[in-house]
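**Student:** Could you have a look at this structure, given as C-alpha coordinates, before my questions?
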Amino acid sequence: MAPKVHTFDEVASHNKKDDCWLIISGKVYNVTPFLEEHPGGDEVLLTSTEKDATNDFEDVGHSDDAKATMQKFYIGEIDKSTLPSNQKYTPPPTAASTANQDSGSSSKILLFILPLLILGLAFVLRLYSKKE
(Lines of atoms letter the chains of each structure in order from A and count residues from 1; the text may use other names and numbers.)
(Lines give C-alpha, C1' and ligand atoms only; values in the text may rest on other atoms or scores of the structure.)
Protein backbone atom coordinates (compact mmCIF):
# COMPACT_ATOMS: atom_id res chain seq x y z
CA MET A 1 0.00 0.00 0.00
CA ALA A 2 1.37 3.42 -0.97
CA PRO A 3 2.03 5.87 1.87
CA LYS A 4 -0.51 8.66 2.37
CA VAL A 5 0.65 11.98 0.91
CA HIS A 6 -0.05 15.05 3.04
CA THR A 7 -0.01 18.72 2.03
CA PHE A 8 2.08 21.23 3.94
CA ASP A 9 -1.01 23.14 5.11
CA GLU A 10 -2.56 19.92 6.44
CA VAL A 11 0.59 19.04 8.42
CA ALA A 12 1.06 22.64 9.62
CA SER A 13 -2.44 22.63 11.13
CA HIS A 14 -1.31 19.90 13.57
CA ASN A 15 0.72 22.25 15.76
CA LYS A 16 -0.58 21.79 19.29
CA LYS A 17 0.38 19.75 22.32
CA ASP A 18 -2.59 17.43 21.81
CA ASP A 19 -2.04 17.15 18.03
CA CYS A 20 1.54 17.51 16.79
CA TRP A 21 2.88 16.48 13.38
CA LEU A 22 6.39 17.07 12.03
CA ILE A 23 7.99 17.00 8.59
CA ILE A 24 11.46 15.43 8.60
CA SER A 25 13.30 14.44 5.42
CA GLY A 26 10.13 14.43 3.32
CA LYS A 27 8.26 12.19 5.75
CA VAL A 28 5.40 13.11 8.07
CA TYR A 29 5.35 11.96 11.69
CA ASN A 30 2.55 12.23 14.25
CA VAL A 31 4.69 12.76 17.37
CA THR A 32 1.78 13.57 19.68
CA PRO A 33 2.18 10.37 21.76
CA PHE A 34 5.93 11.04 22.06
CA LEU A 35 5.76 14.63 23.33
CA GLU A 36 5.99 13.74 27.02
CA GLU A 37 8.73 11.14 26.42
CA HIS A 38 10.98 13.34 24.27
CA PRO A 39 14.30 13.83 26.13
CA GLY A 40 14.48 17.47 25.06
CA GLY A 41 10.94 18.19 26.24
CA ASP A 42 7.76 18.77 24.29
CA GLU A 43 8.55 22.42 23.57
CA VAL A 44 11.42 21.38 21.27
CA LEU A 45 9.02 19.41 19.10
CA LEU A 46 6.28 22.04 19.20
CA THR A 47 8.66 24.73 17.94
CA SER A 48 9.45 22.50 14.94
CA THR A 49 5.85 22.45 13.71
CA GLU A 50 4.58 24.49 10.75
CA LYS A 51 7.87 24.06 8.85
CA ASP A 52 10.22 21.44 7.45
CA ALA A 53 11.96 20.31 10.66
CA THR A 54 14.73 18.37 8.88
CA ASN A 55 17.48 20.85 9.77
CA ASP A 56 16.28 21.05 13.38
CA PHE A 57 16.39 17.26 13.61
CA GLU A 58 19.79 16.88 11.93
CA ASP A 59 21.42 19.71 13.91
CA VAL A 60 20.83 17.83 17.16
CA GLY A 61 22.60 14.69 15.91
CA HIS A 62 20.06 12.08 16.94
CA SER A 63 21.23 8.52 17.65
CA ASP A 64 20.33 5.50 15.56
CA ASP A 65 17.95 4.46 18.37
CA ALA A 66 16.15 7.79 18.08
CA LYS A 67 15.85 7.36 14.32
CA ALA A 68 14.45 3.86 14.82
CA THR A 69 11.95 5.17 17.39
CA MET A 70 10.73 7.74 14.86
CA GLN A 71 9.45 5.00 12.58
CA LYS A 72 6.68 4.22 15.10
CA PHE A 73 5.25 7.69 14.44
CA TYR A 74 5.49 7.69 10.62
CA ILE A 75 2.14 8.48 8.98
CA GLY A 76 3.06 9.33 5.39
CA GLU A 77 4.96 11.53 2.99
CA ILE A 78 4.86 15.28 2.37
CA ASP A 79 3.77 16.63 -1.00
CA LYS A 80 6.96 18.59 -1.70
CA SER A 81 5.19 20.85 -4.18
CA THR A 82 3.15 22.28 -1.29
CA LEU A 83 6.20 23.22 0.83
CA PRO A 84 6.68 27.00 1.12
CA SER A 85 9.73 28.37 -0.66
CA ASN A 86 12.68 29.05 1.62
CA GLN A 87 12.59 32.49 3.12
CA LYS A 88 15.82 34.39 2.58
CA TYR A 89 17.26 36.49 5.37
CA THR A 90 16.77 40.20 4.84
CA PRO A 91 18.93 42.42 7.03
CA PRO A 92 17.28 45.22 9.01
CA PRO A 93 17.37 48.72 7.57
CA THR A 94 20.76 50.46 7.84
CA ALA A 95 19.38 53.37 9.87
CA ALA A 96 18.55 51.05 12.76
CA SER A 97 21.90 49.29 12.60
CA THR A 98 23.94 52.54 12.74
CA ALA A 99 22.02 53.61 15.84
CA ASN A 100 23.07 50.39 17.57
CA GLN A 101 26.72 50.64 16.52
CA ASP A 102 27.58 53.33 19.07
CA SER A 103 26.45 51.22 22.03
CA GLY A 104 28.02 48.15 20.42
CA SER A 105 31.43 49.84 20.16
CA SER A 106 31.47 50.88 23.81
CA SER A 107 30.45 47.40 24.94
CA LYS A 108 33.23 45.86 22.82
CA ILE A 109 35.78 48.13 24.47
CA LEU A 110 34.37 47.26 27.89
CA LEU A 111 34.61 43.54 27.09
CA PHE A 112 38.28 44.03 26.29
CA ILE A 113 39.21 46.35 29.17
CA LEU A 114 37.24 44.67 31.96
CA PRO A 115 39.25 41.41 31.94
CA LEU A 116 42.49 43.44 31.91
CA LEU A 117 41.32 45.43 34.94
CA ILE A 118 40.40 42.26 36.80
CA LEU A 119 43.75 40.71 35.93
CA GLY A 120 45.57 43.85 37.07
CA LEU A 121 43.63 43.91 40.34
CA ALA A 122 44.45 40.25 40.96
CA PHE A 123 48.14 40.95 40.31
CA VAL A 124 48.17 43.92 42.73
CA LEU A 125 46.37 41.91 45.42
CA ARG A 126 48.79 39.02 45.04
CA LEU A 127 51.80 41.36 45.17
CA TYR A 128 50.38 43.13 48.24
CA SER A 129 49.62 39.86 50.06
CA LYS A 130 53.19 38.57 49.50
CA LYS A 131 54.70 41.65 51.19
CA GLU A 132 52.76 41.11 54.43
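Each residue, glycine too, has its Cβ placed from N, Cα and C.
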**Student:** Between 36-58, 82-104, which stretch does TrEMBL give the note region 'Disordered'?
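**Tutor:** The range carrying the region 'Disordered' annotation in TrEMBL is 82-104.
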**Student:** Give the mean pLDDT for the domain 'Cytochrome b5 heme-binding' (3-79) on the 0 to 100 scale.
**Tutor:** 94
**Student:** Of the residues in the domain 'Cytochrome b5 heme-binding' (3-79), how many are helix, strand and coil by DSSP?
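**Tutor:** Output for the domain 'Cytochrome b5 heme-binding' (3-79) reads 30 helix, 20 strand, 27 coil.
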